[in-house]
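Visitor: Mind looking over this structure? Questions follow.
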Ligand SMILES: Nc1ncnc2c1ncn2[C@@H]1O[C@H](COP(=O)(O)OP(=O)(O)OP(=O)(O)O)[C@@H](O)[C@H]1O
C-alpha cells in the first residue's frame, strides 16, 4: 500500500511538473467539497471495478461514475454483487437469483422483487462475512442507508481480488480508510460529470497506460490517475494535449525506471541484510555453544531464559523476514526499511545479550570463587570438628578408664551392712544393735564373765533400718556403669533367713516403685545408660537366672521349671558360662520383671511346706552386656551377677537330719568357699580356691582381678537372733579385714605424693583438652563453681572413708572407752587435711557422667590413697579385667 501511495504521489508530482512546464495553471483546491469528492471517487472506483469485472448485468450497465442513488439502485438486486463475488471467489453464492421481474422497474426505484432483493443480498453478505471482508447492512442499499459501507465492501472485495490475482503471496491486508490517490496531498481534483474528453488521448487509453505501468497498483488508483489527468487537461486546448501527455508519459516512464532500479537495489540489500541477520544469529548461537564448551558455567537461569527467549524471538523475526521477503514484491520500499530497522534492532539485541552473558559469566565466576572459599572453610571447620570429636572420644575413653580405676581404688571388694527394721508388732522387742553410724555398727553382746559388752564392726557403709531401697542402690550405682565399660561385677546379699536379702535384691512381695530392689534398679540403670551412649556404643543386654541348690545348677527361666541340672563350662571364648541355661535378651525393665516373675515361680515350685527353697538355695540373676563401639568397632563384654544367697544361719547338726542336714551342709560349704575365695583374692593369694563350690565356680570370672565385688551383709535386729548376727558379722569381717590391710596407708608416704602429682597432671591434661581455662587445676573460678555446684565436695571427709575395714573392739560399756575405740580406728586411716580439688573430668562429662561423678562423690581425691595401694600390688592382667 505504501508503494502504491508513493507511486501515486510521484505520478501526481509528475503531473504538476508537466503542467508547470506547460505553464498550465495549478488546480484549485476545493477544501469544502473534499469530503464529498473523496466518497464520490471511492464510489466511482467501486463502480468502475464492478463494471470491468461483471460487465452488463441484466441488460443494465452500472454507470461509470454513478451518483449515490444510482450506485445503490444498481446493486440493490444483489445480482451484480453476487456475480462479482463469484468471479472473485467462484462458487461463493451457488445460486444467483435472476428473476423474470428484472425488467420490471418500479417508478420509485424500489427492489424488483422482495425475494431477489433479500436472497441475493443476504447470500452475498454471508459469503463476504465468511471471507472476513467488511460487509454492510441490507438497509444500506435502501434510501437513507449508508452507501459508504457498500462502497467499502466492494473496494475490499476488489482489493482481495487483486491480491488473489497477484498469486495470494503474503498476507492480504485491506485498509477501509485508504484513500484514493490524490487525496494524500492537500489538493483535489473535481470534474464535472457532463464534461467529456474529446481527444485521442482518451480516458480509456490513459487508464490502460497506468494499469500497464504497474500491475500491482490498484486499478482504482489508476482510475484516479485518469481522473487527475482529465482534471488537469480539462482546461487545455486540444492541440496542447498531445504534447503534455507525451511529456507526462516520458516523465512517468523515467520515474518508473528509476523506481524499478531502486526497487531492485533495495531487494538486493534486503536479501543481504537477511543473510547477515541469519549469520549473526547463528554466530550468537555458536558463541553460546563455545561458552558452554569452555566449561564456563553460565548457569544463571535468568541469563539462560533471556538467551532462550531471544533465540525464539530471533527465530520468529527470521520467519517474519522471510514473510517480508515474500511480500517484498508488493511493498519493497517499506519492507526494506522495516528489514533494515529489524536487522539493526537484532544486532543491538545480540550485543546487549552478549554484554548480559559477559556480566553473568563474571558474576558466576565471582560466585564460584566465593563458593570455593566457603567450601574450603567448611572443610577446615569439618576437619577441626572431626579432630575435636576424636579428641572428645579419647577424653571419654580416658574418662571411662579413670572412672573404673577409681572404682578399683575404692576397693574391689566392698562390704556394706544393712539392718532390717523390726517387723510390724515387734515394737517392744529388744534390739541387738546398740549403735550405728555411717560406717560402724555396734552390737550389744555380753562378755565371758556375763557382763554387758559391745562389739563394733566397720564396713564401707552401714545402712540403718530406715534407709530406702533407692539410697541403698545409689551407693552401688557406679558399679553398674562399670559393667557397661566391660567390667564384671558381683553383688551378693548375705545374711540369715529373714534378714532382708530378698528385700534388698528384689524388693518386698508387693512390688511398688519405691520398693524395687537392686536387681530392677541395676537393670533399669543399664538400659538408661546404654540408651544415653547409643550414639557411640551399641549394647546388647541379655539375662540368665540360675539357682544353686544342693550344689546343683538349675535354670530358673526354663520351661520345665528348672528341673534339669546344668553344667558350668569354661570356654576360651565366653569364659565361665552355663551354655544350656536360657539367655534372654532384654531391653526394658518390664522384660526383666517378667523374667524374674518366671524365675520366682520356678523357684517356689521346688519349695515344700517345710522347706522354703528361697532360703535354702542361692539364686543368681546374671546380666550379660555386650557393647560394640560404633567408631572403632571394638567389642566390650561385661557381666553382672546379682546373687541372693541362701540363709547363712548355722544349723545345729544334732537337730537336723536327712534333706535338711544335706541342705545345711551344702549351704555352709558354699558360703565358706565364697569366704575363702574372697579372702584369697583380697590377700592376693597365689591360689584362689574357686573350684570348692558351684557358687564360686560359677562366679569365677566376676570375682577377682579387676572385677568388683559388693557384699550386702544383712542383719536382723532382734536380740534373740544375736548368735546369727554375730556369726554373720564375723563372716563379713573375714572378707573385709583383708581389704582393711590395703587401706593402711601413710598419708605422708612418697608414693602417695607421687600419686597426687600424677592425678594433678591428669587433671591438667584433661582440662587442656577441653580448652576450658576454668577447668585448669587451681583456677579460682573452677574451684568456686565446683564447690558451689557440688556440695558433696565440701563435705570432705577423712581418708577413713576409704577403708573397707572392720574393727572388732571388745570393750567395757563406757563413753570413754567408746571414744577411745573410735580414736583407735582413726589411727588405721589417717584423716586428710587435703583440700578438695574437684574433678576436672566433670566438665567434659555428659549428664550421665555428672550424675555418676556426683554419685561417686569426691572420688578423685579418694583415688589418691587407694590408687597407691592397688597399683603397687595389682598384677598386670588378671581374670575379671574387661575383655576388649
Ligand atoms: N529393709 C527392709 N524394710 C522393710 N521390710 C523389710 C526390710 N528387709 C526385710 N524386710 C521384710 O522382712 C521380711 C523378710 O525379708 P526377706 O524375705 O527379704 O528375707 P530373706 O533374708 O530374703 O529371707 P530368706 O532367706 O528366707 O529368703 C520380708 O517380709 C521383708 O519384706
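Even glycines carry a Cβ here, placed using N, Cα and C.
No curator has checked TrEMBL annotations; they are predicted automatically.
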Visitor: TrEMBL lists region 'Disordered' for one of the ranges 741-765, 766-790; which is that range?
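Guide: Feature region 'Disordered' in TrEMBL: residues 766-790.
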Visitor: Counting across all protein chains present, how many other Cβ atoms fall within 10 Å of the Cβ of residue 496 (ATP binding site)?
Guide: 21
Visitor: Where the criterion is a Cβ under 6 Å from an atom of ligand 1, which of the binding-site residues 496, 497, 498, 500 meet it?
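Guide: Listed by sequence, the hits are 497, 498, 500.
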Visitor: Given a separation of at least six residues and a C-beta threshold under 8 Å, show me what packs close to residue 495 (ATP binding site) in the same chain.
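Guide: Listed in sequence order: 501, 645, 647, 648, 712, 713, 714, 715, 716, 728.
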Visitor: Grab the pLDDT values for the domain 'Kinesin motor' (412-738) and give me their mean, rounded.
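Guide: Across the residues of the domain 'Kinesin motor' (412-738) the model's pLDDT averages 84 on the 0 to 100 scale.
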Visitor: List the same-chain residues at least 6 positions away in sequence whose Cβ sits under 8 Å from the Cβ of residue 499 (ATP binding site), in sequence order, or say none.
Guide: 420, 647, 714, 715, 716, 728
